[in-house]
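Taken verbatim from TrEMBL:
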ACT_SITE  TYR57  active site, proton donor
BINDING   HIS117  substrate binding site
DOMAIN    29-301  domain 'NADP-dependent oxidoreductase'
SITE      LYS86  site 'Lowers pKa of active site Tyr'
Amino acid sequence: MAAQGGSAVPAALTLSSGHKMPTVGLGVWRMEPSAIRGLIHSALRIGYRHFDCAADYQNEAEVGDALAEAFQTGLVKREDLFITTKLWNSDHGHVVEACKDSLKKLRLDYLDLYLIHFPVATRHTGVGTTASALGDDGVLDIDTTISLETTWHAMEDLVSMGLVRSIGISNYDIFLTRDCLAYAKIKPAVNQIETHPYFQRDCLVKFCQKHGICVTAHTPLGGSTANTEWFGSISCLDDPVIKSLAEKYGKTPAQLVLRWGLQRNTGVIPKTSKEERLQENFAVFDFSISDEDMEKMKAIDRKYRTNQPAKFWGIDLFA
């Protein structure tokens, strides 16, 4: 039974571009290519309409095939979906080509949202190739000749070309987001960042929202098993406060944490490769967390980042 005093949440957030983004999406990072068709079709049947992709995930072609089949069989119409993909670091100097490459793989005429995946340009390795180029020193080969402003203006061109409906940023802090607002002709519609109860980033979330930028939470469950496996991180889903509140609401810890994200007015894009979890992660609209319990969850923040690309890059860009 939902406690009183919580807040209703919309099923979609209206972006500054005027387009609507469904608040719960499915992230396809680290999904096995062979499993994608089944997972996407199951997700569509459950009610998912927002899918979060990236060139770097190396599975856009499989996502594209699954979507094409869904359109062909009448499972869903293209205009009912919200498809996001992302520009990889090595393509900052080749934005139009990279976007067209993603569209071709996804078998789409336009993207609903195109994001700059990380605020760093790296050595170009060929459009759509996303291996992180390391220098002889084993450190990420960062390109210091392309500014984020240049990259952003190329992103804006995609909108006028009709390839992309909304553009945004990802993994930007307050400084970089502010800078983007200053040079942007088209403001970023979204900033996709890691945020969950152990990494709440309230100041960044509020700064973005104050300036009309919707926040989407990647890693909204604190990475759960995937990041534990890759980065050795711990998950907020095992926190005693989360567990006891989940029990109180008759929900799983994951459902409680996703609902918390929605009540902060952020979008959430949990990733799963398990069919039963798809259903669980979507069933977050039928209860409400009370203000008092939202405060209890606020108190468990650890400022704890679980997504640590330094493991692959030989440099901590968040240092």
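From the backbone N, Cα and C atoms, a Cβ is placed for every residue, glycine too.
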- If one measures from the C-alpha of LYS86 (site 'Lowers pKa of active site Tyr') to the C-alpha of HIS117 (substrate binding site), what distance in angstrom results, rounded to a whole number? 5
- Express the distance between the Cα positions of TYR57 (active site, proton donor) and HIS117 (substrate binding site) as a whole number of Å. 11
- With neighbours defined as other CB atoms within 10 A, the best-packed of the recorded positions LYS86, HIS117 is LYS86
